[in-house]
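Taken from TrEMBL, the feature domain 'Lipoyl-binding' covers 29-105, 151-227. Under the heading region 'Disordered', TrEMBL lists 242-263, 313-350. Annotation source TrEMBL lists compositional bias 'Basic and acidic residues' at 247-260, 316-339. If you look up TrEMBL, you'll see 269-306 marked as domain 'Peripheral subunit-binding (PSBD)'.
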Amino acid sequence: MVTGVHDSFISSKWGVHVQPFSSVELSPHLVIGMPALSPTMTQGNIAKWKKKEGDKIEVGDILCEIETDKATLEFESLEEGFLAKILAPEGSKNVPVGQPIAITVEDAGDIQNVSASFVGDLDVKEDKDAKNDDRVKEISSMINTSQLPPHLVIQMPSLSPTMEQGCITHWRVKEGDKVEMGDVLCEIETDKATVEFEILEEGYVAKILVPEGFKDVAVGQPIAVIVEDADNIETVKSSVSGGMQIKGEKSPHHDSKVESTDQQSIITRISPAAKLLISEHDLDTSSLRASGPHGTLLKSDVLAAIKSGQVSSEKYSSKETRSPSLQEGKRPSKADLPKSKSHLQQSDSFEDLPNTQIRKVIARRLLESKQTIPHLYFSTDVVVDPLLSFRKELKDKHDIKVSVNDIVIKAVAVALRNVPEANAYWNDEKGEVILCDSVDISIAVATEKGLLTPIVRNADQKSITAISLEVKQLAEKARSGKLAPNEYQGGTFSISNLGMYPVDHFAAIINPPQAGILAVGRGNKVVEPLIGSDGIERPAIVNKMCLTLSADHCVFDGKVGGAFLSALRSNFSDIQRLLLL
């Protein structure tokens, strides 16, 4: 990385064109980002600005009108100051939430300094792929290619359709090693599994740009440099100074960053919003740290301190100090009681658990599923005595061990084949239901890194013993992080079984782009009337299991859901018939 280029990359990562500051230093300012005005909002359009550059802003003033995914709403300012620069002009469309739209300053005299530092408006990218391509070009430009011999920049690959970023868990090679086509360069933790990354070229590893342990490395971001001739390795090392700085949880410059933070923590100024919070919570400013320019204490600094519980209150810092109402013997008011959030959190103990890449993606995709897919639920109880008897018979007479889940997979697969409308998915682009050609069942497997869904393909055409063997192999691969992409991509229906836990019934979340998932509860003994061979109804004990289908209402209506559960109940009532299918 060329010295001095990284700073310009940070300044322009949102598309804001910034001139080199040289002697012009940006005054204390606040960058206003596109707000999330609804729970489902991911981007918005600037319909109209109610303020113009240079206008004074008070707390509660309307800055602009923003068109969201729900309506056109007014965006109020939470700070006071002066509008120094509008970065997203009226008519800007598809501005992502969090992207800067304006800059405000506290003093009117600082407006010209801010305006002089910016030579253009915010470049709003409507095409996400184009924005990612531009970012990759900017990162790649950090390497001084003019001084490099013939080389190849290796980028973070996309190892699954949903992968946006990954983590280098282990490098199989080191700088200076010779690599052949097909050699494994490194192991990458994706949103699905830990996958080996093979190189398609031969040469020598001249520089590793991303060390082991870095997280959230974007797809397309450079991770290594390969050269053809071993004599060129030292040339590359000298040209690429210090390696790539990547945003992640593990930072090689952590110590220096802490030192700079300590130097900037001296409070010289306090923003109006920060003053209001300090007053409301009776905080001691000596326990706060300023992160703003020139030692300015910002509203975010106070909120972060309150959330962490690392602040002290002036009002209750001394045991000898009591509120006036207590000194006079009066009943204390609610405001007199030390029940602020900061006090409560000081006594709480907690531990931050870092999330794996898989869990992050699971959280995001399941949230998207609940927000974008209209979930429709069907539930039924099935008698599992025939299933248990059949399983026992296989073990006693044929020494074949299969699990209840193996038989459930076969029963579900046959039901999907008999009701092809349930083995389908919704195509947003065409606006229609697409029927799947094969029955591929995704099985939920719990691992230390998160929930994975390996696939039993053509499950309706396989025997129960073949399904049992394949499930064991896939589950072992999933837990060891060795699933190949073709083993977890492309299922048509999912099954989540919690029958091994004291869970009677539950509703699972659909795994898009699939349209259905079956939640299987535990079996319970119940008493219900049964008609004997003599025609007399008598109470009997039977084992029942609750099945809950979560379905995409775009694909499933009541008829399709009912037909699928009817076919499934029929398979459970005559379980031995599955051997013939």
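Every residue gets a Cβ built from N, Cα and C, even glycine.
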Helix, strand and coil counts within the domain 'Lipoyl-binding' (151-227) (DSSP): 0 helix, 39 strand, 38 coil
Rounded mean pLDDT for the residues that make up the domain 'Lipoyl-binding' (151-227): 84
Composition by DSSP (helix, strand, coil) of residues within the domain 'Peripheral subunit-binding (PSBD)' (269-306): 24 helix, 5 strand, 9 coil
